[in-house]
């Protein structure tokens, strides 16, 4: 298909997607019927025209693109052994198989195309939305291929703009990284891919994937199991209160946001959208951003990201960080990164719309009446034109849909130049209240999933006889091998043993089990909740903010042999074979 015919097909697809009456088809209903959603919201349009997120001349084009359903994107895992085979299949089979197919509703299927800005060209986009991909018979082979490869971690379905934050983190093997708001895990998976080197124990990494919602954490564990990464811990904390257990080389703050940049894939948001949500999230986003920067090592890099167009969630938060940390924070210019990706500069002027019934617009904090200053706070406003941060905000990255057929996104890259001063914490209470929930730590049977409630213990300590049997049978000579083998303390004869590398062991020892404080702190787990009880006999109270709530650590290391009479009662699990095989000397 020629370039000209591709362009015509794209225009025709947009007409089909919008429909003659301004509605759009929403596929994938359980009853098999097609639901029509009105892709319009006058308040949304009026709000963003006022904010000038793009010029008046192109605003209609911006709105037109938002009404077109978003296609499918995926990336190939760079560390998978079948990378070349997958690339060959996509490039030489599927590009020919589907190029120019027209569906029953008139939609023209274009060939999958490489995202040239992605390293090694390992990311692809496809002009069919996921609900359509699942529904149509002509696309079944491609859908099955994507599903199967995604299931084993060789391919990762991920929106194109969602791939930006990990790329801008500048990741290298050996780094300690935290994703503070990790679920559902696509960015964490990309971080794992970047940090997983070959079998090189001299540069061990540590990745912590954190989320405040336990159910989302369980989903996170399930998603990340595909990658069999021993250097991963999954934790369950409110990001703004993450404990001071470690300092990190890289921090990702992909914060909770209003999400209006996802309108193309979440059309129900057209009905629900209002500007109040950004007000409610602003203080929480600032708190998470500051916590993330506090956790960063000097010289480290933090990426702050949202899938929102709203400057109150984007540039306003970045501006507050620049003001809070002064000379030790740098907003990095990344205009030379990701060649070929179209991006816009950040905004340095915007207005704030009140959430009161009058819905007054303000251009400066001085215009806000005294009785409204608890809800409309000073940090929501842009810096003065003469302020040093005003010109710096243009270093932020904005992504608008009509530039490159994507969703909307915002990214800011921040670098820490030195030790952070003590910064006044941002309260999340008040007029712009951020919801705070008591974490539910129960699994389906009503018991806690946290490792602190069913601790792992080194096999060398709890069952030295078994540890000796495994070491001698497989000929493991380096001490680090058996030091990393853990068993659940609740099971006398565990069905499986975990393997945790040294960096993960330190986190567990110092900030989960804390042996130096074991006489001061006792964790009680009931069917309803988990709480900590301070024993008054101790002379000094423990610093509870040090303790990390960990759901998952390391990988499956050994499994109990299913047959009786085996020479060794445990066999090496597939998940850790790539780590232990090079040091196995007797088998």
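Glycine is no exception: its Cβ is also placed from the backbone N, Cα and C atoms.
Take the CB of residue 307 (active site, nucleophile) and look out to 10 A: across all protein chains shown you find 24 other CB atoms. Marked as active site, nucleophile by TrEMBL: 307.
The Cβ of residue 187 (S-adenosyl-L-methionine binding site) has 162, 165, 166, 179, 252, 254 as same-chain neighbours under 8 Å, each 6 or more residues away in sequence. Taken from TrEMBL, the feature S-adenosyl-L-methionine binding site covers 181, 182, 183, 184, 185, 186, 187, 211, 254.
The annotation compositional bias 'Basic and acidic residues' is assigned in TrEMBL to 1-10.
Over the domain 'SAM-dependent MTase RsmB/NOP-type' (62-417) the predicted model carries a mean pLDDT of 92. The domain 'SAM-dependent MTase RsmB/NOP-type' annotation in TrEMBL covers 62-417.
For 1-24 (among others), the entry in TrEMBL reads region 'Disordered'.
Marked as region 'Disordered' by TrEMBL: 424-450 (among others).
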Report the same-chain neighbours of residue 185 (S-adenosyl-L-methionine binding site): residues 6+ apart in sequence with Cβ closer than 8 Å to its Cβ, ordered by sequence.
209, 219, 220, 223, 224
Restricting to the same chain and to sequence separations of six or more, state which residues have a Cβ under 8 Å from that of residue 183 (S-adenosyl-L-methionine binding site).
211, 213, 216, 217, 219, 220
So which other residues, same chain and not among 181, 182, 183, 184, 185, 186, 187, 211, 254, have a Cβ within 8 Å of the centroid of the Cβ atoms at the S-adenosyl-L-methionine site?
179, 188, 209, 216, 220
Check each residue in the chain of residue 181 (S-adenosyl-L-methionine binding site) that is at least six apart in sequence and keep those whose C-beta is under 8 Å from its C-beta; list them in sequence order.
210, 211, 212, 239, 253, 254, 255, 256, 288
